[in-house]
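One structure is given here, and the rest of the page talks about it.
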Amino acid sequence: MSDRLTLLRPDDWHIHLRDGAALPHTVADVARTFGRAIIMPNLVPPVRNAEQADAYRQRILAARPAGSRFEPLMVLYLTDRTQPEEIREAKASGFVHAAKLYPAGATTNSDSGVTSIDKILPAIEAMAEVGMPLLIHGEVTRGDVDVFDREKIFIDEHMRRVVELFPTLKVVFEHITTADAVQFVTEASANVGATITAHHLLYNRNHMLVGGIRPHFYCLPILKRNTHQVALLDAATSGNPKFFLGTDSAPHAQHAKEAACGCAGCYTAFAAIELYAEAFEQRNALDKLEGFASINGPRFYGLPANTDRITLVREDWTAPASLPFGELTVIPLRAGETLRWRLLEESK
């Protein structure tokens, strides 16, 4: 087994960079590895139109390390009031690549999200017409639904309907966490894809709850039982082009995670491709990592793959105990623990 792994430079098809003083840190981490990234729009206030997307894009570009060619791919935040014309303007901009459906209350800064899919059907129709992908956080948020069942019920109540109503629409089922989602995406048309995070491949709810509550494993959608983890690993390492890399790296300051009511999100951007390599190596599937990380995503979005390469070496190193996050601190996933793969920084 080789101790070196060279891949076409990957892209991250789902990441949270936050804003303001955090950007120099989060942008440096993502730009270290990835050529492009789909940038989540759930700021306060959210990114609702092309003008706001461009302003956020400029802030990200200004935060890139010197010499970086990292390209942020911007996303609109759908609300009950999103108009078809806003979709058309965003598509015409050339820098907005998708729009995101957050069910209201589903995750961080989603209070302005969609309360009923019926209210955004004209906007979704416009997306289908202009060829803009719809990214969906696939969870119901009703109080009578168990948090571990939110994704499955969303499929039955909403996802099937959207796909049937708009057969030409490209839909990304974001950060899937269940065998049910794997089956749905596998059986759907070629216009339906899904992102999978490193933390959902490496961990299940036992890691978060057994022996004590570990807040830095808490994310939404929440970690599920190990049978779902196995289904995700099967999908990611299958070679099926419908599944591709999306870290959902979502930093929160240490005090906001280690709290009586802690925030949801795992910070993985500092070592994302290294974490995915561990997951794929567990399945003896390192030969499938390039497709998942570097080819399937751009193909789904109709973009060319990157042409430069990165190299990973099998070499133990210790993840930092903490990282700067503006004037605050973020605790990364696997803080203080050993990682098995390391990115060669000088690789081109």
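From the backbone N, Cα and C atoms, a Cβ is placed for every residue, glycine too.
Positions annotated as active site by Swiss-Prot, on the basis of sequence analysis: D248. Here Swiss-Prot flags H14, H16, K100, D248 as Zn(2+) 1 binding site, drawing on sequence analysis. Annotated substrate binding site per Swiss-Prot: H16, L17, R18, N42, H137, L220, H252, A264, in sequence order. Residues annotated as Zn(2+) 2 binding site in Swiss-Prot, with sequence analysis given as evidence: K100, H137, H175. Feature annotation from Swiss-Prot assigns N6-carboxylysine to K100; the stated evidence is sequence analysis.
Summarising the environment of N42 (substrate binding site), the number of other Cβ atoms within 10 Å of its Cβ, over all protein chains shown, is 23. Ranking the binding-site residues L17, L220, A264 by how many other Cβ atoms lie within 10 angstroms of each Cβ puts A264 at the bottom. In the structure as shown, the Cβ atom of R18 (substrate binding site) sits within 10 Å of 22 other Cβ atoms. Checking each of the recorded positions L17, R18, L220, D248, A264 against K100 (Zn(2+) 1 binding site) by C-alpha distance, the shortest gap belongs to D248. Sitting within 8 Å of the Cβ centre of H14, H16, K100, D248, and not among those site residues for Zn(2+) 1, are the Cβ atoms of I15, I38, M40, N42, L135, E174, H175, G246, A250.
Cβ neighbour count for K100 (Zn(2+) 1 binding site) (all protein chains, 10 Å cutoff from its Cβ): 26. In this structure, the C-alpha atom of H175 (Zn(2+) 2 binding site) lies 9 angstrom from that of L220 (substrate binding site). Between the alpha carbons (Cα) of H16 (Zn(2+) 1 binding site) and H252 (substrate binding site) lies a span of roughly 10 Å. All protein chains included, H14 (Zn(2+) 1 binding site) registers 27 other Cβ atoms within 10 Å of its own Cβ. Cα separation, D248 (active site) to L220 (substrate binding site), rounded: 10 Å.
There are 26 other Cβ atoms within 10 Å of the Cβ belonging to H137 (substrate binding site).
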